[in-house]
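According to TrEMBL, the feature repeat 'WD' maps to 66-101, 167-209, 318-350.
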Amino acid sequence: VEKIEEQLASLRIAKRSMLSEEPAYLLDIDVSKPAQSENSCFVAVSCSNKSIRVYNRETLNFLQEYSSHPGILNGVRFAHACDNVVFSACSDGTVKCWDIRLATQKPVQIFSGYPSNVFISFDINRNDLIICAGTEKVEKDVFLVFWDARGITNCASATKEPLGVYSESHNDDITKICFHPIEPNLVVSGSTDGLVNVFDINKDNEDDALISTCNSDSSVSFIGWSGKDYKQVYCMTHDEGFCWWDIAQLDTEEPITLLHVLDVRDAVCIENDSLHYLVGGLYHEKADKLFLLGGTSTGNIHLISCGTDGLSLVGTLCGGHSATVRSFCWNLTDESLLTGGEDAQLLLWKPGAVERSLAKKASMKIASSVQKRVRVHNSSSKAGKSKI
């Protein structure tokens, strides 16, 4: 962890994206997955104005924008084997696929759900074969919908129908989906019902596919895999709780819960500053360590280390954002960090960098056209304390 502390301490702002004509919250970030010998080229950001923006990863120069009007975009993911193909889930009941090499603003493929589906989460598996999207609850129904992702065409009219659905394992909005980083058949889902479910989609039916159900006792806002061979699952909740489980212990007498923190804001000591919310997590393979990213409403970013004995602050990045940070992407190859927030800024942090771009923008908290889907980081019991 000392090495991580040094790396974090050396991070400086290398680039800032230019503010667009229509500023928007930057809600989700993904970078293209490079071939072994290359650096990733592109950054895709989903925005609160119902668009995806694509930037050059090194310069943060704006390249392309895709609009999903009238639907609302939820999440953005690059294909693993092809760095110019990017996907997004949409509230109109589709997952759209875009090819950033093409001049067209239209998706090259549309994966359609069932008529009542409103997709609020999705992911694509490790070998780019399966897409899974999670729905908002409509009446009593909530679904995980699956598609075959192979054979992406350049014909936007080519709409793919689902392979099938899981409908029994959650009973409220499915807020997050995350495929396993190594095993293409494993996927974990999180919901506002508090449940975090792990599935093996190679099984014939939903009952057999459900490997484990973990209960966070709160509404799930983020999920991920961690640990050697990624045999652990963790989640964060909308009231800033944290849960961490070891799925490898399922068939043993050992408890699977590694850590359960009801409110991370109370559990992490930060001198001369505070923690208002969690953004997400990242498992650092080299260090074999799980980290959480959190922040303040004024834009400071805190990196928090996770251990079975508790949480501890590793370091803080200041002077970058001027409002709540919503999204990040940490590249472990070159130790750089991308962050996006409610100040409409996309920042690239690099070890020892010197910023040669424009001066820091004053806070420009955007009047919230942000959709209901983006839940504000607080709860009624903490509203007074969280200052958000």
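Yeah, the Cβs are placed from backbone N, Cα and C, and that goes for glycine too.
Note that TrEMBL annotation is computational and uncurated.
Under 8 Å from some Cβ of the repeat 'WD' (167-209) lie the Cβ atoms of residues 120-127, 129-130, 132-137, 140-144, 146, 215-225, 229-230, 233, 235, 237-238, 243, 245, 247, all in the same chain and six or more residues away from its ends.
Remote same-chain residues near the repeat 'WD' (66-101) are listed as 28-35, 40-42, 44-47, 50-52, 54, 107-124, 126-128, 131, 133, 136, 147, 152, 154, 371, 373 (criterion: CB distance under 8 Å, separation of at least six residues from the stretch ends). In the predicted structure, the repeat 'WD' (167-209) carries a mean pLDDT of 97. Under DSSP, the residues of the repeat 'WD' (318-350) split into helix, strand and coil as follows: 0 helix, 18 strand, 15 coil.
Each residue of the repeat 'WD' (66-101) gets a DSSP state, and the totals for helix, strand and coil are 0 helix, 20 strand, 16 coil. With DSSP states grouped into helix (H, G, I), strand (E, B) and coil, the repeat 'WD' (167-209) comes out at 4 helix, 18 strand, 21 coil.
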